Amino acid sequence: MVLSADDKTNIKNCWGKIGGHGGEYGEEALQRMFAAFPTTKTYFSHIDVSPGSAQVKAHGKKVADALAKAADHVEDLPGALSTLSDLHAHKLRVDPVNFKFLSHCLLVTLACHHPGDFTPAMHASLDKFLASVSTVLTSKYR
């Protein structure tokens, strides 16, 4: 998916506003995903997925850190996410549909925390960005 100059600006602006809340938002998005799409819990059977779990907090931070890295390297998502793509494709074997579920939950979380900034243009830019990240993460599944 091609990100326009406006999309890239929106992505950078959004990630700038997230600041130190990335881990918190990542955890919240994961909890939303577990509640809305309970089958996603099967990929996390080795950890405690209950609300407030230290393990979900830690994974939420990993998600947020990976997305921050992607936002910082939006011109080269495949290069920035290559290791993570290998991990999800070859070791974790996460069903690609789960990236869509998490992307949706991330959008909801960001909209809840930044309603004034979550314009239709911002929504569209973030949706395209998350779809691009998902595409990169699933590119090595073939």
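Each Cβ is built from the backbone N, Cα and C atoms, and glycine gets one as well.
The model shown is predicted, which means the values in this text are computed figures rather than measured ones.
As recorded in Swiss-Prot, the features of this protein are as follows:
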DOMAIN    2-142  domain 'Globin'
MOD_RES   Lys8  N6-succinyllysine
MOD_RES   Lys12  N6-succinyllysine
MOD_RES   Lys17  N6-acetyllysine
MOD_RES   Lys17  N6-succinyllysine
MOD_RES   Tyr25  phosphotyrosine
MOD_RES   Ser50  phosphoserine
BINDING   His59  O2 binding site
BINDING   His88  heme b binding site
MOD_RES   Ser103  phosphoserine
MOD_RES   Thr109  phosphothreonine
MOD_RES   Ser125  phosphoserine
MOD_RES   Ser132  phosphoserine
MOD_RES   Thr135  phosphothreonine
MOD_RES   Thr138  phosphothreonine
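With every protein chain in view, the residue among the modified residues Thr135, Thr138 whose Cβ has the most Cβ partners within 10 Å turns out to be Thr138. Within the set of recorded positions Lys8, His88, Thr135, the entry lying nearest in space to His59 (O2 binding site) is His88 (CA atoms). For the domain 'Globin' (2-142), the DSSP-based tally of helix, strand and coil residues reads 113 helix, 0 strand, 28 coil. Cα of Ser132 (phosphoserine) to Cα of His88 (heme b binding site): a distance of 15 Å. Separation of the C-alpha atoms of Lys12 (N6-succinyllysine) and the residue listed as 'phosphotyrosine': 16 Å, rounded to the nearest whole number. The separation of Ser103 (phosphoserine) from Thr135 (phosphothreonine), Cα to Cα, is 12 Å.
Contacts of Lys8 (N6-succinyllysine) defined by a Cβ separation under 8 A and a same-chain sequence distance of 6+ are given as Val74, in order along the sequence. For Thr109 (phosphothreonine), the nearest of the recorded positions Lys17, Tyr25, His88, Ser125, Thr138 in terms of C-alpha separation is Tyr25.
Highest local Cβ density among the recorded positions Lys12, Lys17, His88 belongs to His88, counted as other Cβ atoms within 10 Å over all protein chains shown. Within the same chain, the residues at least 6 positions away from Ser50 (phosphoserine) whose Cβ sits under 8 Å from its Cβ are Val56, listed in sequence order.
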